[in-house]
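Novice: Please see the structure below; I have some questions.
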Amino acid sequence: MSHCSCHDKPQHSLLPAAYRILSITRHTPLEWNFRVAVDFPAHWGQFVEVSLPRVGEAPISVSDYGDGWIDLLIRNVGKVTSALFTLKEGDNVWLRGCYGNGYPVDTLRHKPLLVVAGGTGVAPVKGLMRYFVENPQEIGQLDMILGYKNRDCVLYKEEMATWRGKHNLVLTLDEGEADDRYQIGRVTDRLADMTLSDIDTMQAIVVGPPIMITFTVKMLLQKGLKPEQIWVDYERRMACSVGKCGHCRMGEVYVCTDGPIFNYAVAQRFAD
């Protein structure tokens, strides 16, 4: 698969275009995956603006991509997403993008990688995890700690089941009872229990609610990682997606153009 950046797309525009929905997968009552046929390049960690005429638009992360398609995990939480949930396979959805920088795959290759993600924050990093699970020669040790509120909120259950045994995958729940598939507690509880090897070369990715990112990064630093080894995903109030409206500005950076993936050596300087 190509790792092209959508920054190179010559037709990059503020005007959305219609694209066909190939399939819809219902992970939970509130979270559905829309696979959409596209003719533009995409990269894990980037995002598109998804819209419907006379309804509005919303920024949605690219959770995975392939030859001529992208996956968008959409949570039904507002006017736009509620309207999207009335669509079916074969219908059109309007997209503009891709936008943002995406994950630094070349920097991550052949190094130990720890991914810590919570809730729908699993979606922006899901495709990257799948790539490394399916291409173990491209990565060192791969550890994944994924947290959800309860069993009913777990995303990508079928795929996660195939990942077990190939790499260290920990699924942890805020609520419920532990069994052979799930542990109980927050992602930081599981991280506290983990012994990290190859600290000097390890890379870490943290995706989720802001408070989760804050405490997870703090723990990683306490465990010996340097800010330069940590990557965070800040998805904040993006509107125009081209750095003009200022809604997503954090200090001197714009999440939509400078991010949403930031090295923590940069992110720690944000004056929010």
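The backbone N, Cα and C atoms fix where each Cβ goes, glycine too.
What Swiss-Prot lists as domain 'FAD-binding FR-type' is 14-105, and the listing cites sequence analysis. Here Swiss-Prot flags 113-129 as FAD binding site. According to Swiss-Prot, the NAD(+) binding site annotation covers K166, 168-213. Under the heading [2Fe-2S] cluster binding site, Swiss-Prot lists C240, C245, C248, C256, citing sequence analysis as support.
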Novice: Could you work out which of the binding-site residues (S197, Q203) has its C-beta surrounded by the smallest number of other C-beta atoms within 10 A?
Specialist: S197
Novice: Using the alpha carbons only, what distance in Å do you get between V116 (FAD binding site) and G185 (NAD(+) binding site) once rounded?
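Specialist: With distance taken Cα to Cα, G185 (NAD(+) binding site) is 14 Å from V116 (FAD binding site).
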Novice: Name the one residue among L173, G185, S197, P209 whose Cα is closest in three-dimensional space to that of L128 (FAD binding site); these are the binding-site residues.
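Specialist: Nearest by Cα distance to L128 (FAD binding site): P209.
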Novice: What are the DSSP helix/strand/coil residue counts across the domain 'FAD-binding FR-type' (14-105)?
Specialist: 7 helix, 49 strand, 36 coil
Novice: Would you report the average pLDDT that the model assigns to the domain 'FAD-binding FR-type' (14-105)?
Specialist: 94
Novice: So of all those binding-site residues, L173, L191, S197, Q203, which one's Cα sits nearest to V125 (FAD binding site)?
Specialist: Q203
Novice: Cα distance, L113 (FAD binding site) to D179 (NAD(+) binding site), nearest Å?
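Specialist: Cα-Cα distance, D179 (NAD(+) binding site) to L113 (FAD binding site): 26 Å.
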Novice: Can you tell me which of the binding-site residues L113, G119, V122 is spatially closest to L191 (NAD(+) binding site)? Compare CA atoms only.
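Specialist: In terms of Cα distance, L191 (NAD(+) binding site) lies closest to L113.
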